[in-house]
Amino acid sequence: MEHVKQKGVPQNQYTMCWLDYKRCEDEEYLKKVIPFISNIFILDNNYYFRNAALELKEAIKNIFGVEPNIQTTSYLDFHHGTLIGKLGNEVIEKFLEKEEKEQIGNEGFLIKVVATKTQNIILLVAKTESGIIYGTFELINRLRVKSNLSSLYIIENPKAPLRVINHWDNMDGSIERGYAGSSIFFSNNRVKRSLKRVRDYARLLASIGINGVVINNVNVRGKAIWLITPKYLPELSEIAETFRLYGIKLYISINFASPIYIGGLSTADPLDPDVFKWWQETVKTIYSYIPDFGGFLVKADSEFNPGPYVYGRSHADGANMLARTLLPYGGVVIWRAFVYNCLQDWRDTKTDRAKAAYENFKPLDGEFLDNVVLQIKYGPMDFQVREPVSPLFGGMEKTNQMIELQITQEYTGQQIHLCYLGTLWKEILEFDTYCKGKGSYIKRIVDGSLFGWKYCGFAGVSNIGSSINWTGHDLAQANLWTFGKLAWNPDRSVEDIAKEWILLTFGDDKKVVENILWMLLNSHRIYEKYTTPLGLGWMVNPGHHYGPNPEGYEYSKWGTYHRADTKAIGVDRTSKGTGYTLQYHPHWQKIFDDIEKCPENLLLFFHRVPYTYRLKSGKTLIQFMYDSHFEGAEEVDVLIQKWEELRGKIDEDIFNRVSERLKMQKEHAIEWRDVINTYFYRKTGIPDEKGRLIYP
Ligand code: GCV
């Protein structure tokens, strides 16, 4: 089953997702709000403030049909309007209490309403330009959902310092694991000339609090190796400027062997002085074009990418060498922990891909420089529909860490299937590692508070492209939205985050909100049921990774991930098996080791289990498999029905696009059900207790 290719669209023919402002029809609200928004006063008159004010003005015009004046002159009528200014500005400070000022962090903001007989003022205050732009979008959103102005009072600061989107965009315009058209940055081995779409993208990202973007694929091949040279830097500096206006820094993925490819050196050995000098010069040149350049993202020694191992050096040697070159400019090295030998021989029972990241990096804890951040995929394998949380979180106290989440739906339905990932991400973030006793949650590790790290946070692999709705599936926009919102504040509930997205995207019709919320919150569970429940993972077609293939795996000639035979399935990763569980804190080790205590949704990840084993429900494992696949495929009908109930309440184009995808989802879910059930039936010879047709 091939994934359906998405077409891009010409400029100006795309939607703006949750930033498509619709007219407020509530006259009462309009009357109340007008005095507060008919003037916008900018108290720090610079490029960034003017941009924020223009964003607000445009939004107000579209939502309320009035065009506010933007005033930057010294004569200011502070009685009516929105005041935008930085902390330290004397006019602004008159309205603030000491404690309020202290609460506003570097990227944070305060929104406060002053309503008296003579004054109708909304104050938007921040410490930095970034805070102003984040606050502007928050204010716009609050006005759109008709927040009560008399009680509007917000102080917000992002929890995690790095909130970065990773693009796997190639310079020919293709996107590795992209399901929504082609790259908005590159085409035909060039940087795109028009930045209109990039600017709109920057607006979308700023509105969810993102502060960094890596625009090229971590697999850096061909022309992309040269992105760090003056051949491309003038164009990249324009992209950086576009993002800068919205508080977002540009990062670049690099090829570790660049000194050989570009510099003509005979080695890329990180301890070779000429290699260091070459990187130093390269970094100096980059900063001459992009003064606030964020830094490098590096995939080294993994899936055929070069790295320090070739020279007998460690990942710390490699990362630190680059970090030294970036340090004087405030840049960081984001080093990926997705390192494993994809060609390893699986017949050795101790060999286990799940153990690789920890084995490679744990011994290096404490060796990385302060401006190196380790970027760790949420699980030990590769963004499966369910995996346990990587034991590296909590395993490396002395190393800055970021969590890598995959917004693009490589293994979760490729934006054909509805699969809202917020529910899964929230479970991951709430996982208690116990590394510093009870309460050592992943969310506290990656926001830096548990270990007091300076650089840490969230990386999300982008799900956008040039398609009309950015994400292929219109409802997949909710995944991008949720990633940003959780990175900003992982304590928020996903119900709340998803609901806010629905209100801003589709309006406040009760049925619309209720149905879409149900669809989002249940979609991952449903997808898991008809694909690979119980932590099985994979079973997808090799290469493109879409559709069922129970024994498909591109790299191994040694067998399958799940090692199914006629009697049992799953991998024994306990301390007596591959020993993977030994990488966890003893609290989890004991739980994962014990088949009775192991969370059932991860059973086959940790244990090798006979098909006749009885689960907690009393069902045999094989019967559970059959039931899960039948039920999951059936529940897609509920998604379809919930959507169908919204006919006439949703923009027709969007309605039709989603309907079409749900129809495909149903067909493909049936294929999953039949292929997987048939596989198990053939393997085991055990029929379905309920006598349903298994062999299609
Ligand atoms: C960018 C998986 C994906 C690859 C991806 C890799 C990674 O293997 O299938 O497409 O490469 O992860 O995260 O580096």
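For all residues, glycine too, the Cβ spot is worked out from N, Cα and C.
What TrEMBL says about a protein is an automatic prediction, not a curated fact.
If you look up TrEMBL, you'll see 17-139 marked as domain 'Alpha glucuronidase N-terminal'. Here the domain 'Alpha glucuronidase N-terminal' (17-139) is broken down by DSSP into helix, strand and coil counts: 53 helix, 28 strand, 42 coil.
Mean model confidence for the domain 'Glycosyl hydrolase family 67 catalytic' (145-470) is a pLDDT of 96. The domain 'Glycosyl hydrolase family 67 catalytic' annotation in TrEMBL covers 145-470.
In the shown protein chains, 14 other C-beta atoms lie within 10 A of the C-beta of Glu303 (active site, proton donor). Feature annotation from TrEMBL assigns active site, proton donor to Glu303.
Annotation for Asp382 (active site, proton acceptor): spatial neighbours Phe338, Tyr411, criterion Cβ-Cβ under 8 Å with sequence separation of six or more. The active site, proton acceptor annotation in TrEMBL covers Asp382 (among others).
Cβ neighbour count for Glu410 (active site, proton acceptor): 23 (other Cβ atoms within 10 Å of its Cβ, all protein chains included). Summarising the annotation, TrEMBL assigns active site, proton acceptor to Glu410 (among others).
The domain 'Glycosyl hydrolase family 67 C-terminal' annotation in TrEMBL covers 471-692.
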